[in-house]
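Here is the structure we will look at, set down as structure tokens.
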Amino acid sequence: MDKRAMLGAIGLAFGLMAWPFGASAKEKSMVWNEQWKTPSFVSGSLLKGEDAPEELVYRYLDQEKNTFQLGGQARERLSLIGKQTDELGHTVMRFEQRYRGIPVYGAVLVAHVNDGELSSLSGTLIPNLDKRTLKTEAAISIQQAEMIAKQDVADAVTKERPAAEEGKPTRLVIYPDGETPRLAYEVNVRFLTPVPGNWIYMIDAADGKVLNKWNQMDEAKPGGGQPVAGTSTVGVGRGVLGDQKYINTTYSSYYGYYYLQDNTRGSGIFTYDGRNRTVLPGSLWADGDNQFFASYDAAAVDAHYYAGVVYDYYKNVHGRLSYDGSNAAIRSTVHYGRGYNNAFWNGSQMVYGDGDGQTFLPFSGGIDVVGHELTHAVTDYTAGLVYQNESGAINEAMSDIFGTLVEFYANRNPDWEIGEDIYTPGIAGDALRSMSDPAKYGDPDHYSKRYTGTQDNGGVHTNSGIINKAAYLLSQGGVHYGVSVTGIGRDKMGKIFYRALVYYLTPTSNFSQLRAACVQAAADLYGSTSQEVNSVKQAFNAVGVY
């Protein structure tokens, strides 16, 4: 099995080119999109005023219409889809580009306003749509588009017609197909058998051609398995690696059982028994004496305990309440399928296979694996990075970074390897990936060595090594390809990448935009002339990302 295909989750790549103008945070710095010849990241003192924050954005874009090339008034081209205040007091807004009322796929703009000053814009907008002759009425129906997608899944993926589950509603979008935007249907095909899949299809609304497709594993829909009413208790059990853990449970006097239901964190943490089937979520895990020492219990003990650790990490370190920021319940299913060699976040819950005992142990036994997958959930609710090409590699890297930081937070034999606790149990020192030395497992550690093929959604598990190495260097320091990097420690590195993920990245961000986002995040947190900003630049220089 290709270990790069493990730990899957959700990528158009928009080529970017950086053009900094001045060193001060108050002077403009731009990252240009090479494909569309428009800015994809602008920071500095962009515009001041007493208008509402969104009005500043519209005014600035109208003022710079020759640069952004939106055509017409900005308020007619952008729809405000999100607005919040971050921990620094900045007003952060997300806008979606529209063409005659139809959303432009992946074209999201993030704007920051602080004390009446527009300080940054991040995201790729598609220019000059008004100059193109774009159809806004489909020649094929929704039903036809869905049938085309399902048939392609059967022909190319499952080799049989999958038992499709309810997915995201099919919708019309303007899809940036290369340099030729066109009207398309976005179709979601979800299924659990014969293998789990959550495919996104772009179907040309004119002729039914498949324009693009990718497997976005983190968006399936579970059902059943209700919480129980009862008293919060503390149980004890043994995990996959044989270590003892105390876990929060719930005793139901009505049923006379203790359940893996933790009522102390957010809306609860629930762990289910899949019973080696592929129906989610399974049965809420029950035990007669609140002691979970049977070998069959081990995967559930770890899934339950580590979900709590991940919740605590995001709450205590980043002030984030669960993966959605609003204390959503965390649900996990263990013993999924038979010998299933994977784990995944499906948009609503965690799913863990038992492994085959040779390539993998039960996946919930790796705390970095649990942190990795739940971070995909955080990404889903923030940047929404498309799981393909460079945006998908950033998605994977974010999960590796925060999975590793969770492991250090819990101080459970922490290191910079990914999946080392559950991968190839018969081979000492083996792992899925390495952040400190990506080349150790065949992954690139420099942009010049990136994978440019189409396998693995454009190398999402491979090219993540480039960003992993940058994060490692930012934390620990070192010399890489002749570039010296001053380390700033894990905590600051995590703060910078978290802020970049939550407040600057957009669905189609690529590596250059990630660099700009991390530089801006470091400037926000530590000052524009700080060592932290310099170290971010050094780390990305060292891996060839500019």
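Cβ coordinates are placed from backbone N, Cα and C, and glycine is handled just like the others.
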Listed alongside Asp415, Glu417, Glu420 for Ca(2+) 2 in Swiss-Prot, from Asp368, Asp380, Asp445, Asp456, is Asp368
Rounded to a whole number of Å, the separation of the Cα atoms of Tyr423 (Ca(2+) 4 binding site) and Asn413 (Ca(2+) 3 binding site) comes to 15
Assigned element (helix, strand, coil) containing His372 (Zn(2+) binding site), judged by DSSP: helix
Let me check the 10 A CB neighbour count of Glu420 (Ca(2+) 2 binding site). How many other CB atoms are there? 21
I need the CA-to-CA distance for Gln291 (Ca(2+) 1 binding site) versus Asp430 (Ca(2+) 4 binding site), whole Å please. 32
Just to be sure I understand the packing, how many Cβ atoms besides its own are within 10 Å of the Cβ of Gln291 (Ca(2+) 1 binding site)? 13
Report, in whole Å, the straight Cα-to-Cα distance of Glu420 (Ca(2+) 2 binding site) from Asp430 (Ca(2+) 4 binding site). 6
Rounded Cα-Cα span from Glu396 (Zn(2+) binding site) to His461 (active site, proton donor), Å: 6
